[in-house]
Number of protein chains: 2
Amino acid sequence: PLCLCWALGPAAAATPNILLLLMDDMGWGDLGVFGEPSKETPNLDQMAAEGMLFLDFYTASPLCSPSRAALLTGRLPVRNGFYTTNGHARNAYTPQDIVGGIPDSELLLPELLKKAGYTNKIIGKWHLGHRPQFHPLRHGFDEWLGSPNCHFGPYDSRERPNIPVYRDWEMAGRYYEDFKIDLKTGEANLTQLYLQEALDFISKQQASQQPFFLYWAIDATHAPVYASKQFLGTSQRGLYGDAVREIDDSVGKILRHLQQLGISENTFVFFTSDNGAALISAPKQGGSNGPFLCGKQTTFEGGMREPAIAWWPGHIPAGGVSHQLGSVMDLFSTSLSLAGLQPPSDRQIDGIDLLPVILQGKLIDRPIFYYRGNELMAVRAGLYKAHYWTWSNSLEEHSKGIDFCPGQSVAGVTTHTQEEHTYLPLLFHLGRDPGEKYPLSFASEEYQRAVEHISGLLQQHRATLVPGQPQLNVCDQAVMNWSPPGCEKLGKCLKAPESDPKKCSWPH
Amino acid sequence: PLCLCWALGPAAAATPNILLLLMDDMGWGDLGVFGEPSKETPNLDQMAAEGMLFLDFYTASPLCSPSRAALLTGRLPVRNGFYTTNGHARNAYTPQDIVGGIPDSELLLPELLKKAGYTNKIIGKWHLGHRPQFHPLRHGFDEWLGSPNCHFGPYDSRERPNIPVYRDWEMAGRYYEDFKIDLKTGEANLTQLYLQEALDFISKQQASQQPFFLYWAIDATHAPVYASKQFLGTSQRGLYGDAVREIDDSVGKILRHLQQLGISENTFVFFTSDNGAALISAPKQGGSNGPFLCGKQTTFEGGMREPAIAWWPGHIPAGGVSHQLGSVMDLFSTSLSLAGLQPPSDRQIDGIDLLPVILQGKLIDRPIFYYRGNELMAVRAGLYKAHYWTWSNSLEEHSKGIDFCPGQSVAGVTTHTQEEHTYLPLLFHLGRDPGEKYPLSFASEEYQRAVEHISGLLQQHRATLVPGQPQLNVCDQAVMNWSPPGCEKLGKCLKAPESDPKKCSWPH
């Protein structure tokens, strides 16, 4: 059957379905196929064995909102506005009181896919702003089950409302009230809900013979971590592992569903995560970044290198392993390519089309830029990574127990002050030293050669960079989820306090 | 063909060949299948896919000589004498001036296998003593190509002789003189030599229809790391990776050779390493311990958890993954079982027979003891590991740049003084926290329960322990490899200085 598909070639599958499985705070080291010592992800490992494993795949930001904005726009957060200028090199996201969100001027992947006849659905976390103008159905999605914010809580409905869960245009209830999460046991059936929603959507699309884009952005591995009753206590890794096992099981069910419906050879599936594991919550509420340095919030490898698997039976040769430097932004460009669409030409797109990599095993030369807020902290080209700025977090925060690099400390690298290295960047060879523990000697010829090359790429990048209007500067308690659309029907409208906009505080 | 073998069953293969592939200083994280980010070990990964992967396999000492003595005797170094009492909890091995070696009273695996008609060969590093009474051919081996010591050097033949390489009873030359290692480029053809020797031995045994035990104890990944010209510069990981690639290629050739000779289904193959990666030599001359803490010389997971793969087509179901707590000492007991022999009953054997695990997927409850010299530092039972003593190395050594945990520092755990925790052990849950970064709270019920269980095992172990005569206490420059047997024929006899025995110095 494989030969037949090859004979037909990609042309015959002009508009394949696109399924992006985006994890939340899952680390490179959390999958068996990436070396997790408990090896409890048989379905994801199998997905890799049947598809292509990416070992050098990156997010565009070590934090969730900017990473997701980058994925859906194909652009760096510093371009699409998902950053802050309130402080230097600060990570920012979309908490309940954020005023900003995804600008109308940005073109999102689902908006573009509509032109090729796709039905677009988001299941799970949106995180690109929660005010009405930022609603995903105003930015190209046709359907939604999920939430605009993280599942933090529970809140008291006075100081702060509970986070809403939407079904399409309207709120269907709130976390902890209507969508339960038991913080004591970690029990919540949300992954099952999101799984069933995915299976139903896929069935419906298959029946109607409409191509679909499904963005399955589930969040069970984001603290507070949760799992359904049937998975609680089943992992060697505790609650976090239970959540991973449930996700692994769900991915297996989704892939089998595609196969049973006979559309697996017409559905491009990509699995990855929004940023590195949140070591600050580990081990009970956070995952593993394998051999890499530090985690979420940092521009070390542990903060930004992601597990990644492409799966498309009959098109992607089984068992492939790619060292292509990839990015979540490439999922934008690759999806457009799959749909036969051109990327927008009126703006800079940072993503590249990975199909030549995935289908023909090519390697495309391109750098990876590691941003933290408004600052380009580091650049990777080939196996070299140059740090122009280093910072983990402030000593003040660190002394409060906030540690993005627990058990790890590399002198002069995991610094607690913002250290500038723009004239003499810290250079690592990620092949010999994936853990960023041994900076190359400034005096070596190897250093000179590599830094010259990377600094050239940096200058080129900086010269053409037009930063977008920063969206994550202003916070206001009045814009919280007091009365989301549909709250009247549920009797869940809350009274917003008076508007009191101020600068958001971003300590990291 | 698989079904046929199953039908025949293990009984028909009463005396399978036994092939132990023992690596030197290779870490858990050095293989693609264990998550090495460059994924450059396709043959070993394939071996795992065709056989059984062990994720929780341990050495018996974080240093090479004691580890190897334990493998070949099935007994902890503290029993077989491969330890020192010169200082508390010190790692010791067999440098050129060591007086001791493997006692005649110890029964080695090849001695026992002889009774079942095996021809026994060691290729590579012996490391159980270099004086005539310790010669491997006096301890059960029939053939030898390799060296009694590490390939350190070159030496000046006055203060210190170069290390001999033996062919059977006699020296065939010396490292750096007759067996070249280029310290500048890292070039040496030794792995090719050891590969060819293995292929030839296997062919010879197959032709003579004699069962064999081949102990392939190569050392290309021990500093000074080396690779053959054709592999130099081929890895993303530098010279260390080149050495790994050559070894991977060699293992592939050996396994294919077994298949081509038609004896793969009658040859039990096991791959593992003698201790964790030597992080002190990384990244140029040392490997990776993946997500684990510290490396060689320590009793943290990075020092003692080993990559391990069992391969026996037609007997071991393909693609198996085992969480059995295993040990290099089990290779002694398992090999005896394969040969239809009983383990010696006149002494304590620490190894267990892994065949029920490998062939039937059973799990055997047993603890792992982490020794450093004469001290039991830690005990693992199930997923819990209790540290009764912690030490990385002394502050004095550390200040000289000797670091067994580069970039890693866990407060109160990776200590630079010997810290006793015998009354209140540090407890880790290796499922939730494989990196030993988050000690469990002493006050928790979980702590109480686990420590009670482990301390019971410890008491049982201590109550029956009869330490062997320590072999690694005395050093003497007169016993160095001045005039190994056969030196006359080569004109390579050197004059030994006068005997001047003293206590060996073991700083770690």
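Placement of Cβ uses the backbone N, Cα and C atoms for every residue, glycine included.
Taken from TrEMBL, the feature domain 'Sulfatase N-terminal' covers B:16-340. TrEMBL lists B:Asp24, B:Asp25, B:Cys64, B:Asp274, B:Asn275 with the feature Ca(2+) binding site. The feature active site, nucleophile is assigned by TrEMBL to B:Cys64. For B:Cys64, the entry in TrEMBL reads 3-oxoalanine (Cys). The feature active site is assigned by TrEMBL to B:His127. Residues or ranges marked as N-linked glycosylation site by TrEMBL: B:Asn189.
Where TrEMBL records a feature, it is marked here on the structure.
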| residue | record | Cβ contacts under 8 Å, 6 or more apart |
| --- | --- | --- |
| B:Asp24 | Ca(2+) binding site | B:Cys64, B:Lys125, B:Ala217, B:Ile218, B:Asp219, B:Ala220, B:Thr221, B:His222, B:Ser273, B:Asp274 |
| B:Asp25 | Ca(2+) binding site | B:Cys64, B:Thr221, B:His222, B:Ala223, B:Ser273, B:Asp274, B:Asn275, B:Gly276, B:Ala277, B:Ala278, B:Ser281, B:Gly286, B:Gly287, B:Lys296 |
| B:His127 | active site | B:Cys64, B:Ser65, B:Arg68, B:Tyr93, B:Thr94, B:Pro148, B:Asn149, B:Cys150, B:Ala217 |
| B:Asn189 | N-linked glycosylation site | B:Lys180, B:Ser228, B:Lys229 |
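Annotation note: B:Cys64 (Ca(2+) binding site) sits in a helical segment as assigned by DSSP. Neighbours of the Ca(2+) site: apart from B:Asp24, B:Asp25, B:Cys64, B:Asp274, B:Asn275, residues of the same chain with C-beta atoms within 8 angstroms of the site's C-beta centroid are B:Met23, B:Met26, B:Thr59, B:Leu63, B:Ser67, B:Asp219, B:His222, B:Ser273, B:Ala278, B:Lys296. B:Asn189 (N-linked glycosylation site) falls within neither a helix nor a strand when secondary structure is assigned with DSSP, and so counts as coil. Looking only at other Cβ atoms within 10 Å, the busiest spot among the binding-site residues B:Cys64, B:Asp274, B:Asn275 turns out to be B:Asn275.
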